[in-house]
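Structure, as structure tokens:
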Amino acid sequence: MVDIVVTGLSANSVPYIEALERQRALHADVVAGRAQDTVILLEHPSVYTAGRRTEPEDRPRDGTPVIDVDRGGRITWHGPGQLVGYPIVRLPEPLDVVAHVRRLEDALIALLADLDVASYRVDGRSGVWIRGAAPDGSPRDEKVAAIGVRVAERVTMHGFALNCSNAFDAYDRIVPCGIRDAGVTSISRAIGRTVTPADVVPLLRPHLVRALSSNGSAMPATAPLSSVAGARA
């Protein structure tokens, strides 16, 4: 069984470094058998974080601070209106990090289906995507959820960031996830009404429990799928 813990939403958002310390402490407890598998759900105040694959050209050019972290992937933004999930779970043997990423994607795709949002995977790119339009009107993939994870001693850290009702100006200062030929979107933009992280939590909870309690068997997703290249944002 997976425990879902909501630690701070909206005005009670949790600073990134504080949440990272909580992750590390819980990770140590799960590794040692002192705690069960847990997903932490929260919002952060506005912050940029950079995974191990971040390139210099991905970063803000104006010197805006960026927190470098030990997850996969490249640079991304967290902030108000975005639901962040940190699954601290023990993976089965044989270790398969990509399968873990797929399970997270499955849960998010199922949640979006509950909201009548059609979402999917993109070959070679992790995360969850929605079909959108570029400024010139041409169709393009737009990321609604980013994923970046780390595994140590068979226990995961970091996780997903799901855009619910956030603004998009912070993305203009970076190359989100190092991807230049796609956009970003949110649930609220996709369905034309405001859907906050607090609205999403009760809908997402059962999908996370089901996906992460599946003992390593990737759940069938509810939307068109393609392969995931790796555990990155």
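Cβ from N, Cα, C; glycine included.
Taken straight from Swiss-Prot:
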ACT_SITE  Cys177  active site, acyl-thioester intermediate
BINDING   Arg71, Gly72, Gly73, Arg74, Ile75, Thr76, Trp77, His78, Ala146, Ile147, Gly148, Gly159, Phe160, Ala161  substrate binding site
DOMAIN    33-216  domain 'BPL/LPL catalytic'
SITE      Lys143  site 'Lowers pKa of active site Cys'
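Here the C-alpha separation of Trp77 (substrate binding site) and Lys143 (site 'Lowers pKa of active site Cys') works out to 13 Å. Gly148 (substrate binding site) falls within a strand segment according to DSSP. Compared over the recorded positions Arg71, Lys143, the count of CB atoms lying within 10 A of a residue's CB peaks at Lys143. The least crowded of the binding-site residues Ile75, Ala146, judged by other CB atoms within 10 A of its own CB, is Ile75. The record assigns Arg71, Gly72, Gly73, Arg74, Ile75, Thr76, Trp77, His78, Ala146, Ile147, Gly148, Gly159, Phe160, Ala161 to the substrate site; their largest pairwise CA distance measures 16 Å. Its Cβ taken as reference, Phe160 (substrate binding site) is surrounded by 27 other Cβ atoms within 10 Å in the chains shown. Averaged over the domain 'BPL/LPL catalytic' (33-216), the predicted model reaches a pLDDT of 92. Secondary structure at Gly73 (substrate binding site), taken from DSSP and collapsed to helix, strand or coil, is coil. Under DSSP, Phe160 (substrate binding site) is assigned to a strand (E or B) in the three-state scheme.
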